[in-house]
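Marked as active site, tele-phosphohistidine intermediate by TrEMBL: His9. The active site, proton donor/acceptor annotation in TrEMBL covers Glu82. What TrEMBL lists as substrate binding site is Arg8, His9, Gly10, Gln11, Thr12, Asn13, Trp14, Asn15, Arg58.
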Amino acid sequence: MKRIIITRHGQTNWNLIGRIQGQKDIELNEVGIKQAKKLALKLSKEKIDIIYTSDLKRSYQTAKIISDTIKTNIIIDKNLREIHFGNWQGLTLSDIKKDFNQEYIIWRTEPHKLNLPGAERLIEVQERMKKIINNILHTDYQNILIVSHGTAIKALILGILDIDLVKFNNIKIDNTSISIIEYHSTGPVIKLLNDTCHLKED
């Protein structure tokens, strides 16, 4: 049985102020580093064979902190990046509500229909994430950790469960949360979703 553990990167200053990151290369802040260290301690109880991470700094930094703790190799894959949000990248939510109100309403109510100039659509993000998972499932690794981004992870989980992207906003993925998918002969099973109990531990 293969087991895939999925986590989102630690907090950044842009997360804190509600600024859209997309594929902007933003580093972890002090809180994010502390979150990643707590996550690493939690994951040290797991027998992780390999770590796959997005190449964006906030994801790679999180993966590196985990790797240094559990002594596991890292594979960097650009396809694990966050969605490209086009001209929304770098804007705050208040900016978007003011300057792109109709598009924002679509994002909140029918996110699968959003089609911004120069941006990825949710279905495109989902397809590239599912392709990575398919490739990983054909490796010899049994316990795999994936470090990625909120929107990308949500799209992936819906895709694995064959749930329509219309339900995108019904899933929440917090910074350094843990989600676990087990692959049985009958198909994938979500064992854990958005667990952040480790962040409460001293």
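Backbone N, Cα and C atoms are what each Cβ position is placed from, and that goes for glycine too.
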Can you grab the distance from His9 (active site, tele-phosphohistidine intermediate) over to Glu82 (active site, proton donor/acceptor)? Cα atoms, rounded to a whole Å. 11
Cα of Gly10 (substrate binding site) to Cα of the residue listed as 'active site, proton donor/acceptor': how many Å, rounded? 14
Lowest local Cβ density among Gly10, Thr12, Arg58, Glu82, which the record lists as recorded positions, within 10 Å: Thr12
Near the substrate site, what residues other than Arg8, His9, Gly10, Gln11, Thr12, Asn13, Trp14, Asn15, Arg58 in the same chain have a C-beta no further than 8 Å from the centroid of the listed C-beta atoms? Leu16, Gln21, Ile26, Leu28, Asn29, Gly32, Asn175
Can you give me the Cα-Cα distance between Glu82 (active site, proton donor/acceptor) and Thr12 (substrate binding site) in Å, rounded to a whole number? 14
Where does the residue listed as 'active site, proton donor/acceptor' sit in the DSSP three-state scheme? coil
Which whole number of Å gives the largest C-alpha distance between any two of Arg8, His9, Gly10, Gln11, Thr12, Asn13, Trp14, Asn15, Arg58, the residues noted as binding substrate? 15
